[in-house]
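In what follows, a structure is listed as structure tokens, so that the remarks can point back to it.
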Amino acid sequence: MKSTLLVSVCVWVSVATKLPNIVFVLTDDQDTELGGLTPIAKTRQLIGKEGITYQNMFVSSPLCCPSRSSIFSGKYVHNHRGLNNSIAGGCSDSSWQAREEPSAFPVLLKAAGYNTMFAGKYLNQYGGPKTGGVAHIPPGWDWWYGLVGNSKYYNYKVSVNGTEETHGHVYAKDYFTNYIHRKAVEFLQYQNKEGNPIFMMLSTPACHGPFTPADNYLTNFTGMVAPRGGNYNVTPHDKHWLIQQTIVPLPDDTVASEDKTFVNRWRTLLSVDDMVENVYNMLKQKDMLDNTYIFFSSDNGFHLGQFGLPSDKRQLYEFDIRVPLMIRGPGIPAGQVSQENVMNIDLGPTFIDLANQQVPDSVDGQSLKATWTLESRQGAAFRDNVLVEHFGEHHDSISGCPQFAGQGMGNCNNHCVCEDSWNNTFSCVRSTRSPNVYKYCIVKETQDFVEVYELTGDRYEFDNMASSADPNLLRSLQDDLDQLTSCSGTACNLVKHST
């Protein structure tokens, strides 16, 4: 009996140590279209140039909680039902906790023998009194440092393995990105090459508002301004109604605010860059790097003046739905650039696949391993159609904008330009039909409003083709959208464009 047990234990340890380590760095609101990758030079070198960079990485929703819920569940928004950032919209609510958390990827990694660690922002409503408080630890995590609520840099609370820890405004001990950095170092100090494989997720506040840089980066990028080209500070008259209510030309104080936000967003990312470098070096020093995959991505994009929209996300355009994705690790040749259409719903299935676990049929995404080498990318495209969904949020009243009382508006600036509303609800299919790429969107206004773009020739989405495109093309795109918005599980991967 003892010898049998010993053999079983040895076999289990041997199998476990063959599994790769996984590190996942997730930023908040980091764009690609406004140069969001520029400040993280070390990250681009250590992950992107040593692995693969995806040029067409999209999110299931251009908003924090729905997108993050898609990452953890591997599902489109209409399936995981975390519709927006509110509890009423399903963000970290009891239904999410009962329905999605027990089958989220951390649970499967833990079952595969991984030591798991999370530090940073989880879901926007996490840790509040209506979502279980700090005592709630999502299943699958061994080490848990979950931020209570939305991104902050100071004056925040963290659930430390279920116990509340309060932080103030002392840079040396409280700056939140550096707090996450320290927890990563502590976790890695307990790991070694011979031990169980690790999964470590570092979910930073950068570069989300309030855009507070670290003390050592307060003056970087001084004098820079937000990008002015493309669709900046213009309002075509063929967009949905939220775009039509913007003020163009942008007021001077709005431009100044956007420029300040742009610079401070970049400054916050410098601390993330330092963290990535240090984690990379620690893995190398511990002789763990060669058996480690490092993923880097963001939960959604951002805009600063595009189409006259002041400063936010929540829109259907490329600047809000495109995000970075870089991966390095065993079997990924260095210096690759992929044009495949990939999504945040693919991250969880990839982690599960790397752990040699079966990806559940209920998951909408698929493993990215098939995109890692030139040979594996031969043949059919990884994904023809990308689905993006957003469900609008609003407030009963808007401070400084009494004219909007009871009208269901949200995220309004000092000029009462609003970037969300109760009916800013849309679904889009982004369909690759070589050599063309089309985006077809239905915006749920009083009557459905349609926006259609051919992105190969109109990358800035100036020309809404809804009234001029071939009716057969429009019907085909509508068919694709109908299939995707009703799909579930592996069937979502079978949706190819209609002919």
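Including glycine, each Cβ sits where the backbone N, Cα and C put it.
What TrEMBL lists as signal peptide is 1-16. Annotation source TrEMBL lists domain 'Sulfatase N-terminal' at 20-356. TrEMBL lists C64 with the feature 3-oxoalanine (Cys).
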Count of other CB atoms lying within 10 Å of the CB belonging to the residue listed as '3-oxoalanine (Cys)': 24
Three-state secondary structure, which DSSP defines for the residue listed as '3-oxoalanine (Cys)': helix
PLDDT averaged over the residues of the domain 'Sulfatase N-terminal' (20-356): 98
